[in-house]
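K.L.:
First the structure, then my questions, so here it is.
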Amino acid sequence: MTGRVCRGCGGTDIELDAARGDAVCTACGSVLEDNIIVSEVQFVESSGGGSSAVGQFVSLDGAGKTPTLGGGFHVNLGKESRAQTLQNGRRHIHHLGNQLQLNQHCLDTAFNFFKMAVSRHLTRGRKMAHVIAACLYLVCRTEGTPHMLLDLSDLLQVNVYVLGKTFLLLARELCINAPAIDPCLYIPRFAHLLEFGEKNHEVSMTALRLLQRMKRDWMHTGRRPSGLCGAALLVAARMHDFRRTVKEVISVVKVCESTLRKRLTEFEDTPTSQLTIDEFMKIDLEEECDPPSYTAGQRKLRMKQLEQVLSKKLEEVEGEISSYQDAIEIELENSRPKAKGGLASLAKDGSTEDTASSLCGEEDTEDEELEAAASHLNKDLYRELLGGAPGSSEAAGSPEWGGRPPALGSLLDPLPTAASLGISDSIRECISSQSSDPKDASGDGELDLSGIDDLEIDRYILNESEARVKAELWMRENAEYLREQREKEARIAKEKELGIYKEHKPKKSCKRREPIQASTAREAIEKMLEQKKISSKINYSVLRGLSSAGGGSPHREDAQPEHSASARKLSRRRTPASRSGADPVTSVGKRLRPLVSTQPAKKVATGEALLPSSPTLGAEPARPQAVLVESGPVSYHADEEADEEEPDEEDGEPCVSALQMMGSNDYGCDGDEDDGY
């Protein structure tokens, strides 16, 4: 009995069966509940006597174990792919956020951005690390934290432009307007890295004031904030007597040297740069400057206009110069004397040529100047030819000449030479002066200080203050190298104390080998083997003897055994006894040769038995053939040497007798190759 009421009949007599897990009304028989799930915590006792709770707690975003139904049933109720992606993204966001020291609010916001990117399928085709870094930087921009995209690039070891491309894509697709970064956020961070000590706050405040002035002068828009921070910190450090070099600043703000110098140049063009330190700290100029890009554009426009004006003025000046040049040429033509006779015709021809060339426009200004100079030189020549002597202009119109042209001999005088002009004497003097002073040309190692003032030499010698400044500059430039050397010396000293230092052996100086002088290749190889032996297991004296006797000698040939020579001769002379294998009738029909064939004499070695030869039909009496028996070394003559070539002649089909053609060869022979039996 329970306090439940039946929904069918309203009775309260309800029977509960825990084994079946159902509730049935005993009045009407309706089933009120089926498969009742018990929600209380149950404990089970294990075989070892311990008790354990039944079931497990699964968090909302935690990775739970795969549930099992009994020992033999495993049900895979894992998460879907999107849930796994979100879980991995949250883990990576927390990992990177802890390295950047972001608070929990920023991490949750970044995870929300990541979920939006996953829902819009922006993670497809992109690495998850890039998307997570872009989400974190998006949070840094919206929340105003002093973090740069370069910091995330250093953590992930990824190109900063790749992360920037992903960040711009997320901001555009998610419709998030990322505000511009205020460079004032990075001033405390960079000032702490530059180590200003007790004046860190003062330098930071001065740098912030400089940045505000730069923002009012439109230097902030379109510029990287790190470059402005570097320029402001460099100026603020100099204002507070801190000597920070450009290299130290760019190593902290992570911009290139040209960017930092460009920001300083832009600040130098503003009126604020003309103020003193006290005036800058007390006075704020109300006027604002134009943006640097606009100023640069105006400057380029003015330069272009000036170039156009100058080009017009240059054209006007060139026109005036050409007019003056024409007037000068006209005056020179008028002042030129008129020639008579043959010279007049020559001058006329020259004038016509000049007129034609001027009409064609082939001569330039340089040719005109040369013509003017030639006209002045020809003027004296004409006077000399016409007057008989230089300077006698009146003789040109004297009746002695009578209008006759000068003789050809006077016109064909020899041209001036180097001797007549005195050039050879000057050349000889120059050569003699060079030969008399060989020390000046070659130099003997002594410095000639004659003609040099002492004050000029003193300017090359540094005084104490200049030497001290130069020494400080050298120490500052080579500080890193000196520090490494000190660390190296300390490490070596420590290793020597511990007894683990190994002395580096000095390198042996390699001597250049003298070239091998040899007349033949064999001699060169022998000398090379003497200098550098290939192997210690080779007796080079025996090898040298073998190489000297490698050509072969007569006594070695004579020492060969007798039977080898005779066997060689017999092997060359031996031919097949018969070449049967074809039909006898066809053999007779093919060969129209005499039935009797003469066999050449054969040499029989010692110990060989001569086989009896059967007589052939119609054999003609042949000359007796001598049997040569070799009993020792035999020297063969030319006829025997010719016999050695018989195998080449016997390649063809040999002559056979009638008995051989009929197949009645009664003396022993080997079986034919083509025997068909």
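Note: Cβ is positioned from N, Cα and C throughout, glycine not excepted.
Annotations per Swiss-Prot:
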{"type": "ZN_FING", "residues": "2-33", "note": "zinc finger"}
{"type": "BINDING", "residues": "Cys6, Cys9, Cys25, Cys28", "note": "Zn(2+) binding site"}
{"type": "REPEAT", "residues": "91-172", "note": "repeat '1'"}
{"type": "REPEAT", "residues": "185-269", "note": "repeat '2'"}
{"type": "REGION", "residues": "340-368", "note": "region 'Disordered'"}
{"type": "MOD_RES", "residues": "Thr365", "note": "phosphothreonine"}
{"type": "REGION", "residues": "385-413", "note": "region 'Disordered'"}
{"type": "MOD_RES", "residues": "Ser450", "note": "phosphoserine"}
{"type": "REGION", "residues": "501-521", "note": "region 'Disordered'"}
{"type": "REGION", "residues": "544-653", "note": "region 'Disordered'"}
{"type": "MOD_RES", "residues": "Ser553", "note": "phosphoserine"}
{"type": "COMPBIAS", "residues": "640-653", "note": "compositional bias 'Acidic residues'"}
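Neighbours and distances for these, please.
P.N.:
Under the three-state DSSP scheme, Cys28 (Zn(2+) binding site) falls in the coil class.
In the repeat '1' (91-172), helix, strand and coil residues by DSSP number 63 helix, 0 strand, 19 coil.
In this chain, no residue six or more apart from Ser450 (phosphoserine) has a CB-CB distance below 8 Å.
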K.L.:
Do you know the DSSP helix, strand and coil residue counts for the repeat '2' (185-269)?
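P.N.:
With helix first, then strand, then coil, the repeat '2' (185-269) has 65 helix, 0 strand, 20 coil.
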K.L.:
Is the region 'Disordered' (501-521) packed against any residues at least 6 beyond its ends, judged by a Cβ distance under 8 Å, and which are they?
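P.N.:
Here the qualifying positions are 492, 495, 527-528, 531.
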K.L.:
State which of the following binding-site residues has the fewest other Cβ atoms within 10 Å around its Cβ: Cys6, Cys9.
P.N.:
Cys9
K.L.:
Let me know the most crowded of the binding-site residues, choosing from Cys25, Cys28 and counting other Cβ atoms within 10 Å.
P.N.:
Cys25
K.L.:
What is the number of residues in the region 'Disordered' (501-521) that are helix, strand and coil, as DSSP sees it?
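P.N.:
DSSP classes over the region 'Disordered' (501-521) add up to 1 helix, 0 strand, 20 coil.
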K.L.:
Would you list, in sequence order, the residues of this chain other than Cys6, Cys9, Cys25, Cys28 that have their CB within 8 A of the centroid of the site's CB atoms, where the site is the one recorded for Zn(2+)?
P.N.:
Arg7, Gly8, Gly10, Gly11, Ile14, Thr26, Ala27, Gly29, Ser30
K.L.:
Tally of helix, strand and coil residues over the zinc finger (2-33) according to DSSP?
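P.N.:
The composition, in the requested order, is 0 helix, 11 strand, 21 coil.
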K.L.:
Reduced to three states, what secondary structure does DSSP give Ser450 (phosphoserine)?
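P.N.:
In three-state terms, Ser450 (phosphoserine) counts as coil.
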